[in-house]
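Each remark here refers to the structure printed beneath this line.
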């Protein structure tokens, strides 16, 4: 059975190009088009698509408002198209908060050309998000009844209900002073997941944190600034040579790799260019491998929601050097690819629901 796709964009040219690229896949069918958010809502309710592709800036009703309404009335996997600007990054993060599953950069040169790589990427992403059936939206609604989206309170007003903690395995009981570094890797669903985890950490958190989120270069600064506003700990986009210090989380910049090194008695990050052919930039595997070598036996790695298996090989080296690995459970993952790969390989010490990850990290001393 074909996946049924609704294409939403105020540009007729972009709608036609997206339709052409999707029509090239015999397993996909474009069942309708919409030119603004209101039309998107109407057609989603009427046509019941499996996936919606959604522009952000549109007349009458923008994409963010449309995502909120669709998640309220008929949760559906939504793939956003976003401009690669700072403002576009902020709007895309708002759309992900509202319930969209993932996003793709909207480059005129890519869409207007005959680039097979762009076509394959779009087709693959449609298939990857199709199975989520509005999971992101449903999770938000279940966590906050009566609200369309969940937006954490600013750092000065953070109020949290006690999370339900899953009992730890005997081998996973935290020992005082065991860890020297927390590294969190994630992809699809990660922006919202990281907000939920990091807002539970106190300002005086005793460990340094390194965040690896698959995200374009132009997005990571905006995301780090958003996290810094929401969290009690400090969050900043990592720069080459930045020290990994307690109470601060460094977010790996997009488009390059971020590693860890131990020099002069301190841990710091190194930022370096990716080699040709490396798909994930930044890479969770590379960060995990570096952390395992720089801080052997003292790393706590956490693998959250995301497509693919990035982080699995790095988790293997971490385990071989005596460090610990936690992973998010399937029920609360937007996409269970990355945490699922680690769990299936037998590399995870604990499998936790998202609402428990932050609470358990906060217990570390």
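The backbone N, Cα and C atoms fix where each Cβ goes, glycine too.
Unlike curated entries, TrEMBL annotations are predicted automatically.
Here is what TrEMBL records for this protein:
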type: DOMAIN; residues: 4-121; note: domain 'Response regulatory'
type: MOD_RES; residues: 55; note: 4-aspartylphosphate
type: REGION; residues: 127-153; note: region 'Disordered'
type: DOMAIN; residues: 168-361; note: domain 'CheB-type methylesterase'
type: ACT_SITE; residues: 187; note: active site
type: ACT_SITE; residues: 214; note: active site
type: ACT_SITE; residues: 310; note: active site
Tertiary neighbours of residue 187 (active site) (same chain, Cβ under 8 Å, six or more apart): 213, 214, 280, 305, 306, 307, 308, 310, 335, 337, 338
Residues in the domain 'Response regulatory' (4-121) grouped by DSSP into helix, strand and remaining coil: 58 helix, 25 strand, 35 coil
Neighbour count (Cβ, 10 Å) for residue 55 (4-aspartylphosphate): 26
In three-state DSSP terms, the structure that residue 214 (active site) belongs to: coil
Local Cβ density at residue 310 (active site) - other Cβ atoms counted within 10 Å: 26
Confidence summary for the domain 'CheB-type methylesterase' (168-361), mean pLDDT rounded: 94
